[in-house]
Amino acid sequence: NYLVTLQTEQLVTLWVLFVFIVVGNSLVLLIMWLERNKTSRMNFFILNLAVADLSAGLFNVLPDIVHRFVVEWIAGNTLCKLVKYTQAVLLYASTYVLVAMSIDRYDAIVHPLQFVREHKSKVMISVAWGLALLFSVPSPVIFAVRRQPNGEWQCWAEWPEDWYWVPYMTVVAAFVFFIPLGIISICYIAIIVKIWKRGKGMAYEDHIPRSRASSGKNFYRIFHLIHINNGFTSRAKARTIKLSVAIILAFICCWSPYFLFDILDNYDALPDTQAKKEASLIIQNLPALNSAINPIIYGFFSTKLYRKLR
């Protein structure tokens, strides 16, 4: 009875998250369209994240809700393969867009003099979506409408041997989460180190004696450092760094429990207990929570979004 109650609560939660995903990301896209003449790199990445999140609500969360009502798969084999492929594409794309955004922020802070080519962000986004389309190809091959032992027809994965599923999901987890997380971490560690060194260097220059700083060479050095540091500490750049960090942290908090639980469960590292079933029902909602919370993060860090909503 407790599990039935928890499943009902999970369904209600999914409905709430679905509404937040659709409304929130639709508003973000509407505002982006209204501000289409005022483009920026960060807005370009947010646009792609909003598209991925809105699509995840329509193709991931909504089918999950419908399935809980109809139980069996009734949409046919072609739609089964199409839905599974689309779900996989969105899973990869949302992660790879974050990787592209992290590399973009890394270039802006660590290599500002090379950060002048407008088309680079578009190339990275194209690569992100291209890889997502490519890596998702196995999904329609693996999934098809199949009769289950209980007699129900489901859109289900089938392997020559049951153990094939474990290495497959391990590879998926690596390419969807763990490898991208490593790249993202390297980018932001480099950003933190660069900002720290720049701040330390500026603090050192502030204490140079006037007699030495008055020379032409030292004056040029101080002017050069101040000029660069103003770029580092500008409000706009600081705000985009904070926004991107908040998006990344939300991604980690929502997806790390999901993939860690999935990996441990696939390798039979979790005991088959009531607590495991309860945890599974809760963790399954976390990816949807990520898509629902992103528009709130955008609004929190963007005064323009709030002004448009008013």
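Along the chain as shown, residues are numbered 1 onward.
Keep in mind that glycine also has a Cβ here, set from the backbone N, Cα and C atoms.
TrEMBL entries are annotated by machine, without manual review.
If you check TrEMBL, you get these features:
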DOMAIN    24-298  domain 'G-protein coupled receptors family 1 profile'
TRANSMEM  12-32  transmembrane segment
TRANSMEM  44-62  transmembrane segment
TRANSMEM  82-103  transmembrane segment
TRANSMEM  123-145  transmembrane segment
TRANSMEM  165-193  transmembrane segment
TRANSMEM  243-261  transmembrane segment
TRANSMEM  281-301  transmembrane segment
Checklist entry - So what's near the transmembrane segment (165-193) in sequence-distant terms, Cβ-Cβ under 8 Å and 6+ beyond its ends? => result 91-92, 95-96, 98-99, 102-103, 105-106, 109-110, 135, 138, 142, 157, 159, 241, 245, 248, 252, 255-256, 259, 262-263, 266-267
Item to check | Leading stretch by Cβ pairs under 8 Å, where the reference is the transmembrane segment (243-261) and the options are 12-32, 44-62, 123-145, 281-301 | outcome: 281-301
Item to check | Annotated stretches the transmembrane segment (12-32) and the transmembrane segment (82-103) touching (3 or more Cβ pairs under 8 Å) | outcome: no
Item to check | Outside the transmembrane segment (281-301), six or more residues from its ends: residues with CB under 8 Å to it | outcome: 3, 6-7, 10, 13-14, 17-18, 20-21, 24-25, 27-28, 46, 49-50, 53-54, 56-57, 60-61, 94, 239, 242-243, 246-247, 250-251, 254-255, 257-258, 261, 309
Checklist outcome for this item: In the domain 'G-protein coupled receptors family 1 profile' (24-298), averaged pLDDT is 83
